[in-house]
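Each remark here refers to the structure printed beneath this line.
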């Protein structure tokens, strides 16, 4: 069985040397999660074209594959007709709930998250992506908003949590939120020590259910993480590494520039 991240294809591949699979997960699926002693899985080699898959990598992929199988079996199954009727009825009820912006409130000042420290106590409007979505109760939910300059905790209450967009909102969806910017209560934590008490919001574009975790997780294969590094650096840890790298690079440049040295980038 052959797996190649470079030349493989999980859809058209058949696991042969000429038509390898792209992922180890696809190879395990074709083997029903069991690797017979007579079967060896080969992956891209460093010196030669192919090499046997390392035991630790195979063990990790087998564990993830079986965990996903057990999770799928544990999910309760509902009759298709009943489930469809329930979803339709709920959807119709939610579509009927429409929120509108209160025009009697002061006009919201549009700002980036990094500019909000000077706007505490004022009504603001912030665009961004839903980095995290947490539903505390039926009429209380929290959205951690990300706009590339920082993170902002947004608090939604009452009807703001009951629209169709609110109940189906997934991480990485794009939106804007309007509300009053306040300091977080003593004893509670939030990025920057402030939060936005929303009075109106709109979903601009929905992301697939599950957000980034529908594509990769911290336990995903290294090659899959490298292919999707643009998603990894959206997180707090990944972005912090880039920011620290930028600060250090700038410090070195300033040091040499102050001493009359010129940088030469090829």
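Glycine residues also receive a Cβ, built from the backbone N, Cα and C atoms like all the rest.
TrEMBL does not curate its annotations; it predicts them automatically.
Break the compositional bias 'Basic and acidic residues' (1-20) down by DSSP state and the numbers are 0 helix, 2 strand, 18 coil. Summarising the annotation, TrEMBL assigns compositional bias 'Basic and acidic residues' to 1-20.
The annotation region 'Disordered' is assigned in TrEMBL to 1-21.
Residues or ranges marked as domain 'Asparagine--tRNA ligase N-terminal' by TrEMBL: 16-106. For the domain 'Asparagine--tRNA ligase N-terminal' (16-106), the model's pLDDT averages out at 77.
The annotation domain 'OB' is assigned in TrEMBL to 124-203.
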Residue distribution over DSSP helix, strand and coil in the domain 'OB' (124-203):
12 helix, 48 strand, 20 coil
